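J.: Below you will find the structure I want to go over with you.
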Amino acid sequence: MAGLLSTFDTFSSRRSESINKSGGGAIIPGQRSTVSVFILGPSVTDDADKLLIATTFLAHSLDTDKQHSQRGGFLVSLLAMAYSSPELYLTTNGVNADVKYVIYNIERDPKRTKTDGFIVKTRDMEYERTTEWLFGPMINKNPLFQGQRENADLEALLQTYGYPACLGAIIVQVWIVLVKAITSSSGLRKGFFNRLEAFRQDGTVKSALVFTGDTVEGIGAVMRSQQSLVSLMVETLVTMNTSRSDLTTLEKNIQIVGNYIRESGLASFMNTIKYGVETKMAALTLSNLRPDINKLRSLVDIYLSKGARAPFTCILRDPVHGEFAPGNYPALWSYAMGVAVVQNKAMQQYVTGRTYLDMEMFLLGQAVAKDADSKISSALEEELGVTDTAKERLRHHLTNLSGGDGAYHKPTGGGAIEVAIDHTDITFGAEDTADRDNKNWTNNSNERWMNHSINNHTITISGAEELEEETNDEDITDIENKIARRLADRKQRLSQANNRQDASSDADHENDDDATAAAGIGGI
């Protein structure tokens, strides 16, 4: 039997291995599109010209009349301006199964009076039509930078801070967009400006060069549609040699942004390991957590097999990235989130009210995290030489710290979960009131939250979803009206009862209505 169980324990990891392994056979290349990339030739030496070209690339990348592949090519051209050898940058990081980059040079021609004196060319020929298309008149539907709304002088910024700082401010913001563009498009604009604040405070990005919200959304849309652009940026982070002592300021800033990009979309997976497994509490021995633990173990093996690109599994849309979703290990994730909201206050803002949340495991995680004995690591006791007296004092302090907070945290961010908690315990029948009293229900919302079973029926996600569908504004209005009528009737009956001198306390209790209890519970 032991051998049979061990076979099942390793099944998840072996199954994942078999899915990821190649079945052999010939490798058949897919279709690749051609993307034009423009780089600065040696004749373009003036800093004002360079900044003009950079803003031209940015403007073209936001032009909704162009194909997304063309817009992506302009963003690649902009990113390549950070390096002294754009060709080497693209050769090193731009190898991609989806696209083939065709490089064109932009040169300065003193004889030309149109197109700002620029010409697009290769070694063999010049491209007049491409030059006019690139440097011809453009209608910017929206300003690129917030400073343009205030008529800020970019040339003055260039003279004050220099070309590298101005170019770096633009490129860093493109990198910041990637942090949320793929994994959280709905929160892109807010996330962008939150991440940008640190770079504004240290002077990396000047206020006049801050992207507008429309610019951020436009770049994000291109990134979501052009996986080749995202792959290029990820390869830049993977191949960037962090041990170099001669990193430019822009490269250092790219690495800082890269720390936010790494493991983007894997927060649930990492938090489950951090709060669910690494805390090493006794709850991990529960049998209903074992399947999820085995699943998590197989995911760890998959993650490690990806090597340097493992942190970018989601942002690269790796075929296995869906396996890391918490819905594949819901019980363990729910338990870990319960531990997290107790141990880390910042995690109380994390969206836990999801359809696959296991309420029992979520509450169990909070319970064990609040328990003083569970907070003491037996593995470290021997290593640190902690005495029994010291352990008792530590338990005493932990109990005092957590003793005043007996409330359990509710899930956040999930409409179905919130509705289930807020409305399922609204009852108006006398039999329901008696049933509630028999089960020692209380009007205190915190105590009621700890005892989350109602009528011997634990709140389920499916029931919550049905309740959310059935509950509307008219239902809530009806409930409010019923409560108002009940309160009025109760007030009248209490007034009549006070006039009866021979009324007993038991009779008063029988006349007591449950509307007040329902209102006190917080059902509305």
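In case you wondered, yes, glycine gets a Cβ from its N, Cα and C as well.
These came from Swiss-Prot, pasted as-is:
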- Lys180, Lys190, Arg195, Tyr260, Tyr350, Arg354: RNA binding site (BINDING)
- 494-504: compositional bias 'Polar residues' (COMPBIAS)
- 4-404: region 'Ncore' (REGION)
- 405-524: region 'Ntail' (REGION)
- 440-461: region 'Homomultimerization' (REGION)
- 462-471: region 'Interaction with the phosphoprotein' (REGION)
- 490-524: region 'Disordered' (REGION)
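Can you walk me through where each of these features ends up in the structure?
T.: Cβ neighbour count for Lys180 (RNA binding site): 24 (other Cβ atoms within 10 Å of its Cβ, all protein chains included).
Mean pLDDT across the region 'Ncore' (4-404) comes to 87 in this model.
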J.: Of Lys190, Arg195, the binding-site residues given in the record, which has the fewest other CB atoms within 10 A of its CB?
T.: Lys190
J.: How would DSSP class Arg195 (RNA binding site) in three states?
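T.: Going by the DSSP assignment, Arg195 (RNA binding site) falls within a helical segment, counted as helix.
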J.: Mind giving me a neighbour count for Arg354 (RNA binding site)? Other Cβ atoms within 10 Å of its Cβ, every protein chain shown.
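T.: Cβ-Cβ neighbours of Arg354 (RNA binding site) within 10 Å number 19.
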J.: Between the two most separated Cα atoms in Lys180, Lys190, Arg195, Tyr260, Tyr350, Arg354, the residues recorded as binding RNA, what distance in Å do you get?
T.: 26
J.: Tell me the Cβ neighbour count for Tyr350 (RNA binding site), meaning other Cβ atoms within 10 Å of its Cβ, over all protein chains shown.
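T.: 17, counting other Cβ atoms within 10 Å of Tyr350 (RNA binding site).
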